[in-house]
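Asker: Sharing a structure below in structure tokens format, with a few things to ask.
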Amino acid sequence: MSEDHYRCQCHTRYQLKRDGKHCEKIDPCASGNGGCLQICRNESGLAECECYSGYRLSADGKSCADVDECAEGTAKCTHHCVNTLGSFACVCNPGFELGADGRQCYRIEMEIVNSCEDDNGGCLHHCEHSTNGPLCSCNQGYRLDLDGKTCTDLDECVTGDACCSQFCINYIGGYECSCKAGFRLHPDGCECDDVDECLSDTDGCDQYCINSLGSYECTCEEGYRLSSANGQSCISLDDDELEEEEEEELEIARIPGFRFRRPPQLLHFSTSLDSFYDEEEEEIRGELTVAHQVACSMGTYGKDCSSLCKCQNGGSCDPVTGWCRCPPGINGKFCEDGCPKGRFGKHCNKKCNCANNGYCHRLYGACLCDPGLYGRFCHLTCPKWVFGAGCSEECLCLKENTLVCDPRNGTCTCRPGYEGSKCQRDCPAGSWGVNCHSVCEPCENGGLCHPVTGMCECPSGYTGKYCNASCPAGYHGKECLLQCSCHTDAQCNPVTGECTCPPGWIGRDCKQPCDSGSWGQLCGNSCDCRNSDGSCNPVTGVCFCEAGYTGKRCEQRCPKGTFGLSCKHSCQCKNGAICDHLSGACTCTDGWMGTFCEKACPDGFFGLDCHQVCDCKNGAVCNHIDGTCQCLPGWIGPSCEQACHINTYGQGCRQRCNCKNAALCDHITGACICTAGWRGPVCQEECEAGKYGERCQQSCSFSNGGICDHRSGKCTCRPGWIGDHCDTRMGTPVFLFPLSSLSKWFLWGEVRRAV
């Protein structure tokens with residue numbers, strides 16, 4: 001038995017992989033997006049549809065309908081609202097422009113003839129003039145920033161628009177996908193396919209190579225061990241030479257439970273700790289010092305940020321000295337010489353048109369923007385990654401680890417899994433999430449807490465939320481991501497992936513069946529078969545029989561009514577035919593023919609294979625089995641060649657005729673054929689007066705009361721009359737003399753005719 005003689009099948013909600021041997025979970029979203037119009041999520045093997053923002057799921061659970069924010073009143077535009085697919089847009093009346101919030105409209109104080117003529121309308125890429133001012137748009141791969149003018153790169157890797165399955169590399173105006181080591185990019189440019197280093201001869205293994213997802217592993221034959229120097233060479237256990245020990249880097253582990261020197265301040269703290277590094281032979285003592293830097297929040301300054309700023313009118317204070325930095329147009333130690341927000345003029349009695357309740361120049365009314373805002377009316381928020389007054393300072397955050405840089409003070413809001421003033425540090429062990437404030441749940445069996453998700457990363461052989469479960473059948477290794485190479489029925493070690501073969505299989509992966517003629521555990525039993533090629537089931541020892549035989553040793557013919565290989569075919573022979581136990585061919589009995597002996601011999605033939613010709617006559621029916629003739633009524637004899645004897649008729653001539661007056665009897669129906677002058681069913685009646693002859697169909701021709709003979713029609717005249725028709729009166733006696741031997745008579749005497 002070879003690999004060509006079996007086909008693997010998977011359980012429900014699993015599908016066969018390309019190798020034809022291993023199963024993987026079916027992703028219902030992979031085919032036709034699971035029937036979903038927009039977003040498809042795989043929930044326990046079932047497709048669950050969701051919609052993008054601005055859409056809601058329809059009643060069918062698959063399609064998405066646009067949410068009309070304008071009709072529902074959730075847009076809250078000050079002037080006009082225009083609904084779009086998945087969103088909405090606020091539009092201002094002529095002479096107004098849209099603010100930074102996308103909803104508020106602010107009056108434009110001067111009329112612009114062509115808003116795009118001067119410096120492209122402030123647009124970075126494309127400008128289109130409108131009555132409401134310039135309308136900016138961007139090239140493909142960019143998106144319009146919140147200021148409505150600046151074009152920033154659209155980071156498809158961050159927005160989720162990229163199709164990459166592993167790594168996404170963004171570049172200005174586009175992106176590209178890349179893969180981890182051990183994978184290669186699929187021709188679709190999105191997916192990553194595993195590289196089988198063992199097949200490509202790039203593994204470098206001395207003896208055996210085992211491929212895995214994204215990697216491979218070298219192993220050695222029995223009596224050898226894998227070299228720790230390169231992980232590829234195999235060293236004999238009999239070799240006394242020892243490998244040179246490599247220097248290892250000192251690993252320092254954070255010891256939980258130490259105390260801070262002083263309480264933590266806002267985003268940072270300082271501390272020092274002593275930690276120990278244990279080696280097998282000696283102990284090395286080291287000291288670790290953690291430096292710190294304190295950043296005060298807005299409105300505070302000084303040591304420990306314990307002092308409150310006294311700056312007025314939008315002034316900001318130095319976090320160290322507390323000195324006030326005043327906005328343009330405002331003076332004083334505490335920026336107290338200035339009008340309140342929304343007012344200007346010598347007596348502060350004029351109203352400013354600054355957005356967000358901003359300050360304006362005391363004398364001229366020009367808007368003086370707070371940190372984080374810019375624009376003519378301070379209605380625009382600083383672009384991403386810049387902050388402060390006039391948006392003049394660049395954020396110091398590590399962008400790849402940062403969600404938001406505060407446009408007012410440049411404070412970094414870190415992505416989950418990072419901390420620090422610049423989001424430059426990973427979460428310490430035991431913590432995770434935003435600002436590393438979440439405490440990890442205890443992971444079992446040596447699992448480690450992921451700093452971003454808080455999920456346990458399990459060691460080889462374990463899985464589950466807390467690494468409390470062993471790998472499911474067929475998987476092994478870290479996070480149970482590696483598929484076992486063992487035969488389907490073999491047991492796989494969840495840590496090492498080693499296989500324990502079931503009966504009927506041998507080999508490292510238990511994929512080699514027993515040789516023909518052997519079976520059982522380690523193929524230690526020999527097959528004992530008859531009527532076969534000597535091979536048997538490698539697991540049970542049941543023989544593989546030739547066609548037409550059955551039984552554990554193929555010693556029995558197929559049971560009656562079955563034939564062929566494994567006797568699994570049912571015979572279709574009919575009418576007592578014999579079925580061949582090998583081929584199922586039918587041997588017909590006398591009188592039958594056809595593939596399944598389902599047809600009787602055609603008319604005129606009978607016997608074995610319908611080769612004999614019937615000798616029946618006079619319409620007799622021939623028996624298709626033995627050729628005997630079934631005579632029709634009125635006939636008898638072996639071939640129905642004889643009519644019934646006189647005075648008999650009917651089936652088998654067994655009925656007696658009842659005809660009278662010498663009438664003949666029909667040998668088939670028994671009907672009487674009357675002689676001349678007789679009539680009736682049995683010819684028992686003479687012809688009626690005036691009729692004579694056969695069937696009494698002739699009329700008598702006589703006169704003067706003559707009598708007609710019912711048989712011959714000859715007239716018998718009354719006295720005084722003579723003639724064939726009694727139409728001659730008799731006068732004198734008439735003598736008749738024979739004239740010759742021909743019975744003609746001569747009349748002598750007086751004859752008178754009647755008048």
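Glycine is no exception: its Cβ is also placed from the backbone N, Cα and C atoms.
Unlike curated entries, TrEMBL annotations are predicted automatically.
Remember, it's a predicted structure, so these values are computed and weren't measured experimentally.
Straight out of TrEMBL:
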| type | residues | note |
| --- | --- | --- |
| DISULFID | Cys326-Cys335 | disulfide bond |
| DISULFID | Cys458-Cys467 | disulfide bond |
| DISULFID | Cys545-Cys554 | disulfide bond |
| DISULFID | Cys631-Cys640 | disulfide bond |
| DISULFID | Cys717-Cys726 | disulfide bond |
| DOMAIN | 66-106 | domain 'EGF-like' |
| DOMAIN | 301-336 | domain 'EGF-like' |
| DOMAIN | 437-468 | domain 'EGF-like' |
| DOMAIN | 524-555 | domain 'EGF-like' |
| DOMAIN | 606-641 | domain 'EGF-like' |
| DOMAIN | 692-727 | domain 'EGF-like' |
Asker: Let's see if you can do this one: DSSP helix, strand and coil counts over the domain 'EGF-like' (66-106), in that order.
Answerer: 4 helix, 16 strand, 21 coil
Asker: Round to a whole number and give the Cα-to-Cα distance in Å for the pair Cys335 (disulfide bond) and Cys554 (disulfide bond).
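Answerer: If we compare the Cα positions of Cys335 (disulfide bond) and Cys554 (disulfide bond), the gap is 109 Å.
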Asker: Under DSSP, is Cys545 (disulfide bond) part of a helix or a strand, or is it coil?
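Answerer: For Cys545 (disulfide bond) - judged by DSSP and reduced to three states - the answer is strand.
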Asker: Rounded to the nearest Å, what's the C-alpha distance separating Cys545 (disulfide bond) and Cys717 (disulfide bond)? Just drop the number here, would you?
Answerer: 107
Asker: So for Cys458 (disulfide bond), how many other CB atoms are inside 10 Å of its CB?
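Answerer: Here the count is 25.
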Asker: Please tell me which one of the disulfide-bonded residues listed here (Cys458, Cys631, Cys640, Cys717, Cys726) sits closest to Cys326 (disulfide bond), measuring Cα to Cα?
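Answerer: Ranked by Cα distance from Cys326 (disulfide bond), first place goes to Cys458.
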Asker: 10 Å Cβ neighbour count around Cys335 (disulfide bond)?
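Answerer: Cys335 (disulfide bond) is surrounded by 21 other Cβ atoms within 10 Å.
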Asker: Report, in whole Å, the straight Cα-to-Cα distance of Cys726 (disulfide bond) from Cys458 (disulfide bond).
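Answerer: Here the two Cα atoms lie 145 Å apart.
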Asker: Return the average pLDDT for the domain 'EGF-like' (692-727) as a whole number.
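Answerer: Overall, the domain 'EGF-like' (692-727) comes to a mean pLDDT of 80.
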